[in-house]
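Note sheet for the following structure.
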Amino acid sequence: MDSKDVKQDASCCSPVCVHNPHLDALKDDVLYHFSLGTGTHDLPAMFGDVKFVCVGGSPWRMKSFIEYIAAELSMEDPKAEYPNICAGTDRYAMYKVGPVLSVSHGMGIPSIAIMLHELIKLLHHAHCTDVTIIRIGTSGGIGLEPGTVVVTKQSVDATFLPKFEQVILGKTVVRNTDLDQSLAEELLQCSKELSQFETVLGNTMCTLDFYEGQARLDGAFCSYTENDKQDYLNKAKEARVCNIEMESSVFAAMCKLSGLRAAVVCVTLLDRLKGDQLSSSHEVLHSYQQRPQILVGSYIKKQLKAKAAHK
């Protein structure tokens, strides 16, 4: 390999960036909510080969995903036990097989933001490069049949604007919520090749709450009418919002800041224009929840196969 090839290979490696000069002054960086740290664990040895990170709300769902992906990639015995790397804490769960890391993030913006701070630092300390991160989850659809998978084009707030706002030192900081468009298109193409379920590309509305924030009529408090709800959801539909969840905005903002190639893939469990509560059977809902992992699993398998073919 000549110097030109070396230079080209180096330029293709995209590191995971942190933007915090204070980290350099830390003797040990404790990733408290993961029960991991630079002084207690060899993070490069444990995670240095990670190329794909999948995150989702439920610890059970993320364990299910790692079992599924292990079987898909034929990397390990699908009946094997996969230990929770974060067993020292009950905040999050983390599982790994080969280059795939699966992490739970809890529910809502605060929970996923805490997890992402520590995940981004973990990937940075482990010297990971060219990492793709995908959130898989469930959502409420707007004008879509239950079971439809939505690949997020752009995350918008409850006023349909593509931004994430956070108050830092008493001042409102606005961050961009753009996601990787080429990754979204690749996932959409992958779904077409699978041809197992309907998949669409559209905007995702990220809210601060499951009930009033999503115009539900079945919370403990409600100060608006059915007509008010329908008007709001139809305005969301006009803004090309396809689904509603509670994590995509901060996920998009933080991944963009850290240089991570990111996507959001969520299945819709109901059409919010037709109701607020789930009416499908447990079996049907379970089959719906498997769809994002089937799509993302297929994408990862395809990427690893392509990479192996180029070696």
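Note: Cβ is positioned from N, Cα and C throughout, glycine not excepted.
Unlike curated records, TrEMBL annotations are generated automatically.
Taken from TrEMBL, the feature domain 'Nucleoside phosphorylase' covers 51-300.
Packing around Arg135 (phosphate binding site) is summarised by its Cβ count: 27 other Cβ atoms lie within 10 angstroms of its Cβ, all protein chains included. Among the features that TrEMBL reports, phosphate binding site is placed at Arg91, Arg135, Ile136, Gly137, Thr138.
Sequence annotations record features per position, and here TrEMBL assigns substrate binding site to Gln214, Arg216.
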Across all chains shown, how many C-beta atoms besides its own are within 10 angstroms of the C-beta of Arg91 (phosphate binding site)? 18
Rounded Cα-Cα span from Arg216 (substrate binding site) to Thr138 (phosphate binding site), Å: 16
In whole Å, note down how far the CA of Gly137 (phosphate binding site) lies from the CA of Gln214 (substrate binding site). 17
CA pair Gly137 (phosphate binding site) / Arg216 (substrate binding site), Å rounded to integer, equals 19
Considering each pair of residues in Arg91, Arg135, Ile136, Gly137, Thr138, all listed as binding phosphate, report the largest CA to CA distance in Å, no decimals. 20
In all the protein chains shown, the tally of other Cβ atoms within 10 Å of the Cβ of Arg216 (substrate binding site) is 18
Listed in sequence order, residues with CB under 8 A of Ile136 (phosphate binding site) and six or more positions away: Cys54, Val55, Gly56, Arg61, Phe65, Val265, Cys266, Pro292, Gln293, Val296
